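What follows is a single structure, written as structure tokens, with notes after it.
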Amino acid sequence: MNHFPWLTIIVLFPISAGLVIPFLPSTGNKIIRWYTLGVCLLEFLLITYIFCYHYQFNDHLIQLKEDYNWISFINFHWRLGIDGFSIGLILLTGFITTLATLAAWPVTRNPRLFYFLMLAMYSGQIGLFASQDILLFFFMWELELLPVYLLLAMWGGKRRLYAATKFILYTAAGSLFILIGGLIMAFYNSNEFTFDFQFLINKKYPLELEIIIYLSFLIAYAVKLPIIPFHTWLPDTHGEAHYSTCMLLAGILLKMGAYGLIRINMELLPHAHSFFAPWLVIVGAIQIVYAALTSLSQRNLKRRIAYSSVSHMGFVLIGIGSITNLGLNGAILQMISHGLIGASLFFLAGISYDRTRTLVLDQMGGIGNSMPKIFTLFTSCSMASLALPGMSGFIAELMIFLGVIDNPNYSSLFKIIIIIIQGIGIILTPIYLLSMLRQMFYGYKFSNTLEPYFMDAGPREIFILICLFFPIISIGIYPNFVLSIWNSKVNFLLSNNFF
């Protein structure tokens, strides 16, 4: 166990600092905003310090391990650790949450609760990615639900209560299957039950039981990822949530399901994963095309972007199901890439709504002339979303594309069919994104006035978008550094469990 509890500090610091917010002076919102931003920035700097000085790139084992007996009666341990799968997502969480806090600057109604909930989400997300115990993983998974529900129900749009209720019902029901699967794994064929990932890796199950456990976890991840047909909560949630909340949902929350699929299903249940892998590839390919077609029919800007997220997460499913070095590396890169691109698109949709007061694409035409900066940034981020060469999405999707081809266990016919379906999805993506840009910026005038005028992006908004767009370009031009973060872990997982 590591002597200094770095991981415990970064998990508990945000929510602990959030408890101070009720005692801050009540003269306006300025102090609360700056305090929360300072906490998020300090947390991100701590994460960056741990990554730079304590994380070993070539070590595939769990690093900075911490193990404290929390509730001995049920053998509940506070087990934390990081490896290649988790550190990239922890960095993404710190980066996106800090920018989402800055994006929430205009929020003036009940700011104490709003910013506390954001910090509580921060702790839950870091805790989930650092968990090395199924019960702690479940605890952190559940910790996300209440903050998101309240952020949606209190600061959402007109149909916020419907969207919040749908979100909590879907995700809470799905969460139960994590607990069920975890309990079966802990108690099966063991005198002393444990939820420790490192112990459960070496545990063997009959294939039928392993498939049941795998399905139990998969149902929970299917809601969060999301996988069709469990995706219907996502467009409603994104359509009603404040755009800072949307940044956290698209940037981090969806990645929790994909992370669980790799961390638990792929690592702890490899035989069942080999059985289900072709089906994951098939569902992922169908999801890409289905969500792209559905996105094209959406008249609401945020719902269109939400369906594009569902489509892009289909690539992650294919990469995980490919069981190849290229495919799995590409899937993790796609998670990072989509986190940045999705957050930027929802932020742009939000600041566009702040100016036009509408999300209906048919009513947003002709605003490009009065908002050239937003137009330029929106176009650039849309190009990143459609995987333009030189941007992060292109590298990720190309690796996933090649990963399916690289799997020797899939027949040539299967590969050809999947490649054709992926190709259709890749063709549909620019259609719905470019039509969105045309309707917003090139379409008919917003009103009957000669030239509607809206204020363009300010310094704060431009700063947020540059911060998001810079890593998208950097990864697209030179992905080797980012891929090296988790490549050794990917190699170890595949060679140890599948080859």
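Along the chain as shown, residues are numbered 1 onward.
Even glycines carry a Cβ here, placed using N, Cα and C.
Counting residues 6+ beyond its ends, the transmembrane segment (4-24) has Cβ neighbours under 8 Å at 31-32, 35-36, 39-40, 42-43, 46-47, 50, 54, 64, 66, 68, 78, 80-82, 90, 112, 115-116, 119-120, 122-124, 126-127, 130 in the same chain. Swiss-Prot lists 4-24 (among others) with the feature transmembrane segment, giving sequence analysis as the kind of evidence.
The transmembrane segment feature in Swiss-Prot is assigned to 31-51 (among others); the stated evidence is sequence analysis.
With a cut-off of 8 Å between Cβ atoms, the residues of this chain six or more beyond the transmembrane segment (113-133) that come close are 7, 10-15, 17-19, 21-22, 32-33, 35-36, 39-40, 43, 47, 62, 65, 67, 76-82, 86, 89-90, 93-94, 97, 100-101, 104, 107, 139-141, 143-144, 146-148, 150-151, 154-155, 195-198, 244, 248, 252-253, 256, 259. The transmembrane segment annotation in Swiss-Prot covers 113-133 (among others).
According to Swiss-Prot, the transmembrane segment annotation covers 134-154 (among others), on the basis of sequence analysis. Long-range Cβ contacts of the transmembrane segment (134-154) within its own chain (Cβ-Cβ under 8 Å, at least 6 residues beyond either end) map to 74, 76-80, 109-110, 113-114, 117-118, 120-121, 123-125, 127-128, 160-161, 163-164, 167-168, 171-172, 175, 178-179, 181-182, 185-186, 195, 197, 200, 220, 237, 240-242, 245, 248-249, 253, 256, 260, 263-264.
Non-local neighbours of the transmembrane segment (167-187) in the same chain are 134-135, 137-138, 141-142, 144-145, 148-149, 152, 193-195, 200, 203, 205, 209, 212-214, 216-217, 219-224, 230, 232-233, 236-237, 260, 264, 268; each lies 6+ residues outside the stretch with a CB under 8 Å from one of its CB atoms. Marked as transmembrane segment by Swiss-Prot on the basis of sequence analysis: 167-187 (among others).
Summarising the annotation, Swiss-Prot assigns transmembrane segment to 211-231 (among others).
Summarising the annotation, Swiss-Prot assigns transmembrane segment to 242-262 (among others). Distant neighbours of the transmembrane segment (242-262): 85-86, 89, 92-93, 96-97, 99-101, 103-104, 107, 118, 121, 125, 128-129, 137, 141, 144, 148, 151-152, 155-156, 178, 217-218, 220-227, 234, 302, 305-306, 309, 313, 316-317, 320, 328, 331-332, 335, 338-340, 342-343, 345-347, 349-351, 353; these residues of the same chain sit at least 6 beyond its ends, with a Cβ under 8 Å from one of its Cβ atoms.
Beyond the ends of the transmembrane segment (274-294), by six or more residues, the same chain brings 207, 211, 214, 218, 227-228, 231, 307-308, 310-318, 320-323, 404, 410, 414, 418, 421-422, 424-425, 428-429, 431-432, 498 to within a C-beta distance below 8 angstroms of the stretch. What Swiss-Prot lists as transmembrane segment is 274-294 (among others).
The feature transmembrane segment is assigned by Swiss-Prot to 310-330 (among others).
The transmembrane segment feature in Swiss-Prot is assigned to 331-351 (among others); the stated evidence is sequence analysis. With a cut-off of 8 Å between Cβ atoms, the residues of this chain six or more beyond the transmembrane segment (331-351) that come close are 85, 88-89, 92, 96, 99-100, 103, 238, 242-244, 246-252, 254-255, 258-259, 262, 301-302, 305, 308-309, 312-313, 315-320, 322, 359, 374, 377-378, 381-382, 384-385, 392-393, 395-397, 399-400, 403, 457, 461, 464-465, 468-469, 471-472, 475, 479, 482-483, 486, 490.
The feature transmembrane segment is assigned by Swiss-Prot to 385-405 (among others), with sequence analysis given as support. Residues 281, 308, 312, 315-316, 318-319, 322, 324-331, 333-334, 336-338, 340-341, 345, 415, 418-419, 422, 426, 429-430, 433-434, 471-473, 475-477, 479 of the same chain sit 6 or more residues outside the transmembrane segment (385-405) yet have a Cβ under 8 Å from a Cβ within it.
If you look up Swiss-Prot, you'll see 416-436 (among others) marked as transmembrane segment. Same-chain residues lying 6 or more positions outside the transmembrane segment (416-436) and placing a CB less than 8 Å from one of its CB atoms are 281-282, 285-286, 288-289, 292-293, 295-296, 301, 304, 308, 311, 314-315, 318, 361, 382, 385-387, 397, 401, 404-405, 410.
Residues 6-7, 9-10, 13-14, 17-18, 20-21, 24-25, 64, 82, 87, 90-91, 93-95, 97-98, 101-102, 105, 111-112, 115, 118-119, 122, 126 of the same chain lie 6 or more positions beyond the ends of the transmembrane segment (31-51) yet place their CB under 8 Å from a CB of it. For the transmembrane segment (211-231), the residues of the chain that approach it from at least six positions outside its boundaries are 141, 170-171, 173-178, 180-181, 184-185, 205, 253-254, 256-258, 260-261, 264-265, 269, 272-273, 275-276, 283, 286-287, 290-291, 310, 313, 316-317, judged by C-beta separation under 8 angstroms. Tertiary proximity for the transmembrane segment (310-330) is limited to same-chain residues at least six positions away from its ends with a CB under 8 Å from its CB atoms, namely 225-228, 231, 234, 254, 258, 261-262, 266, 273-274, 276-281, 283-292, 294-295, 338, 341-342, 385, 393, 395-404, 406-407, 409, 418, 422, 425, 429, 483, 486-487, 490-491, 493-494, 498.
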